[in-house]
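Colleague: My questions all concern the structure below.
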């Protein structure tokens, strides 16, 4: 074997080992929480947040691989929960759908429903959502999952809009409809990625009255600020531009799939849309300039991004919330996590859980090559839901006993 070939193999192995980050080790999550009582209450039920997270040995310490495996494969041995699709006809003419799943384990006394808001372009049919719903059902929770407007190819768009990064009305309509069906249920909102941003913004908005049934929320892998996020994703560093391309094409495909409604001649004239600009958009800011900000009447993309970002609504949140992010998330750089660290460190009943590894919505754990069928994320989130329910019960007991 020639020296040149050996050198080439050595270089390849070095790059591979660096990409896989195999020298890393399992670490406990970093916890940011001002409220020690809240942290102790959460830890009683969800002790997993105090324990090391051990990713799959060969590739789980790479945020890129975790994120790519999540994007392509989703979850292993994914079930297909059987639910009821509910249709809502909104005031603007839109047809909103959500899927309702009943608990599989009826031994729990509490009536708790999880209001799930998926990531960008995702629905109740997305693999990671199906896996989470099934796992939650097995733990006695009812689940409702928002299908982002336009994301389901089987449901026609009936008004000239699809979902956006900050439009929380659809989630609000779903929750209100849920309460009308189950007026005594307690609700925990769970948002993944974009859904985490929407849930957080919803909790912090002052122009809506949240149903009293909502007792808390959990946000997973959101970026908090769309202005900063778009700026980072436009860079090639850490392959972020590749992720931006995938996100852009996802949004573009949703718009073009429903072009007969979204890009009809009347709609294009009404909003000043140019279909060529939409098709030619190479990045998300370009697509939002050509389509999204015009349809939603914003003067600029930056104005729309600021309005959409949960970062600017955090200070208004009154309900207990838990936030989860990974430092090696290639879509949400560590610099973007500072606002939530600061918020959790200075506000009561807020916990921020930050892992060293996990990527973007990956969090596979166990095994050398093949991970465990249930991810660390699914186990942790279901445990945290139990913690929020327990914390709410404790608060009710203290209130009824006159302890404030």
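Backbone N, Cα and C atoms are what each Cβ position is placed from, and that goes for glycine too.
Below are the features I grabbed from TrEMBL:
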SIGNAL    1-26  signal peptide
DOMAIN    116-366  domain 'AB hydrolase-1'
ACT_SITE  193  active site, charge relay system
ACT_SITE  329  active site, charge relay system
ACT_SITE  360  active site, charge relay system
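Explain the structural surroundings of these features, please.
Modeller: Residues near residue 329 (active site, charge relay system) in space but far in sequence (CB under 8 A, at least 6 apart, same chain), listed by position: 63, 67, 221, 358, 359, 360.
Counting every protein chain shown, 26 other Cβ atoms lie within 10 Å of the Cβ of residue 360 (active site, charge relay system).
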Colleague: Non-local Cβ contacts of residue 193 (active site, charge relay system) (under 8 Å, 6 or more apart, same chain)?
Modeller: 118, 119, 120, 220, 221, 222, 360, 361
